[in-house]
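Annotation comment: TrEMBL describes B:2-113 as domain 'STAS'. Annotation source TrEMBL lists region 'Disordered' at B:116-144. Annotation source TrEMBL lists compositional bias 'Acidic residues' at B:119-131.
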There are 2 protein chains.
Amino acid sequence: MERVPILKIGSILLVSIQVDMSDQTAVQLQEDLAERIVATGAHGVLIDITALDIVDSFVGRMLSTIASISKVLDAETVVVGMRPAVAITLVELGLSLNGIRTALNVERGMELIAAARDDDQDLDEDEDDAGPDGGPATETTASR
Amino acid sequence: MERVPILKIGSILLVSIQVDMSDQTAVQLQEDLAERIVATGAHGVLIDITALDIVDSFVGRMLSTIASISKVLDAETVVVGMRPAVAITLVELGLSLNGIRTALNVERGMELIAAARDDDQDLDEDEDDAGPDGGPATETTASR
């Protein structure tokens, strides 16, 4: 049985779906992902579907299930890399991908997860918003 | 024909090989990668082979070719996620993966690429090694 690899990048788990998903592969992926989220304390799951020519109701349901499982485990799920044709077919089929966030590519997906995370976090790092160079702020203090 | 998706993460291109590579898929991947490196100006290529049960001479040659092409285009190639059994088989087959760097997982591969990059870059950012909080440095100035 084929197994979809799960890659850890920082606090994000990345899954690139390239093979046709069978019932068994889908269940295995859900179990593997749940285990990895718990083991790594990941904050987000990115599911890349660049390779998919079509997202039918089966895959749609799988994505929804993964999103629900991740949510319970305190991780955001973002589906990335959807092709234009896939989006059109999804709408034509009347599938809405309930509860699933999407982003255009992996980088935007990561930003989305980071942004969702920042909302939850305290705002410690906003204190020193003088800019990375910090030049002007120091000068003002010195000139007084 | 199946196409292996190439994901851009920062200045790195990530390829997760999950399908059996045919001659045509391999050539297509090499072409796609070369184009993406040029288009994105990527500094590194990570090839994840977690899903591969075996790396035979064909796949080994493909990896070597990709590494060579990337090198010409000024990008480091790192193969990540090799299973223990694959490593053993590689050695038993007498394949050495010439010119290919490997790392245990995606994160270490990224570190490897970043480290190789840092060697080339100037050391601008080492100047301000007072620490990210910058607190003590400012206080010293103020107390004078």
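The backbone N, Cα and C atoms fix where each Cβ goes, glycine too.
Note that this is a predicted model, so its numbers are computed, not measured.
Predicted-model confidence for the domain 'STAS' (B:2-113) is 93, expressed as mean pLDDT.
Here the domain 'STAS' (B:2-113) has, by DSSP, the following mix of helix, strand and coil residues: 52 helix, 22 strand, 38 coil.
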